[in-house]
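Reading through the structure tokens given below for one structure.
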Amino acid sequence: MISTATSIAQQKFNNCIMNASGVWCSDEKELTIIDNSAAGTFVTKSGTLQPREGNPSPRYFETSWGSINSMGLPNRGLDYYLDFVQKLQQQKRQKHYFISCTGFNVQEDLLLLKKITDADFKGIVELNLSCPNVPGKPQTGYDFATVDMILKNVFENYAGPLGVKLPPYFDIVHFNQMAQILNKYPLAYINCVNSIGNGLYIDDEKEQVVIKPKNGFGGIGGDYIKPTALANVHAFYQRLDPKIQIIGTGGIKNGQDVFEHILCGASMVQVGTALMKEGPDIFERLTQELKTIMQAKGYSKIADFKGKLKYLA
Ligand code: RRO
């Protein structure tokens with residue numbers, strides 16, 4: 001028997017493959033479909049204190065190598081996701097879920113976490129430190145002192161399992177500096193990576209950008225970002241206290257991609273652009289493709305190859 005089961009923060013999941021926040025997770029209808037798919041669980045769209053409409057459309061565009069988006073954090077508000085997940089959790093006591101949230105400053109982050117505490121939420125929180133698309137708001141994850149300050153406040157005020165969604169980093173010094181900060185805190189996990197921020201895709205015939213917000217600048221996902229995602233997963237796998245697990249996100253569209261993320265050190269993987277393109281049936285396909293690879297290599301569980309990337313002598 002080949003198992004793709006995993007655990008994050010001591011919570012067990014029967015499959016290590018799930019959606020990435022932002023894709024198929026904006027409302028009850030979408031979340032229910034993911035819940036009933038082959039995915040191990042779901043994460044919600046990042047919830048803010050107030051519901052948000054997000055940026056004007058078109059705000060998402062698919063290219064042959066991936067996607068560009070500038071959604072601008074459209075969401076129903078944290079309360080909506082918290083209510084729905086709590087309801088679901090009562091029906092399915094054995095299954096665990098992730099709620100993503102993001103504030104516009106540390107005070108808002110703490111208010112969001114207080115709501116989660118007051119709701120007696122037993123699942124896992126993903127604090128998004130890396131939205132690239134809110135005009136005028138830089139990505140928190142690139143401001144190292146602010147990340148440190150937020151995590152200090154978060155762990156003084158929130159006791160449940162919590163991970164952070166990080167932007168991609170591109171320099172060894174930045175991996176070192178960020179790992180040093182992350183290692184100070186009892187994080188359940190980090191999620192590498194959010195989209196590569198502020199790319200530009202152009203329609204050559206029209207000599208025009210393809211999305212409306214920010215004059216076409218947006219977060220890049222899909223094939224373009226897999227090497228960057230793998231590098232971030234592995235760089236942090238090498239540097240973090242082993243108690244901090246890693247969720248790998250970026251460029252996953254087949255079983256080989258899932259395998260590579262796990263080989264680099266991911267304990268779970270998330271699918272964004274490819275889920276958007278293919279729909280929730282993708283989870284069944286990815287799981288079967290991963291199992292086929294594991295069988296061919298003689299692996300029966302993900303611990304058999306997790307983090308075991310080899311280097312050249
Ligand atoms: O909503 C978005 O524009 C968005 C978010 Br919050 C995020 O974290 N990553 C992304 O690519 N888009």
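Here the Cβ of each residue, glycine as well, is placed from N, Cα and C on the backbone.
What TrEMBL says about a protein is an automatic prediction, not a curated fact.
Note that the structure is a prediction, hence the values are computed from the model and not measured.
Per TrEMBL, FMN is bound by S21, K45, S46, K165, V193, G222, G250, G251, G272, T273; the candidate from N105, N128 named for the same site is N128. Taking every pair among K45, N69, S70, M71, G72, L73, N128, N194, S195, the residues listed as contacting substrate, the largest Cα to Cα separation comes to 16 Å. Note: the Cα of S70 (substrate binding site) and the Cα of G251 (FMN binding site) are spaced 18 Å from each other. Under a cutoff of 8 A between CB atoms, and with a sequence separation of 6+ in the same chain, the neighbours of S46 (FMN binding site) are S21, G22, L73, N75, S100, C101, T102, E126, N128, C131. Note on S195 (substrate binding site): other Cβ atoms within 10 Å of its Cβ, all shown chains, come to 30. Around G222 (FMN binding site), the same-chain residues at least 6 positions away in sequence with a Cβ under 8 Å from its Cβ are T63, W65, G66, S67, G251, K253, G272, T273, A274.
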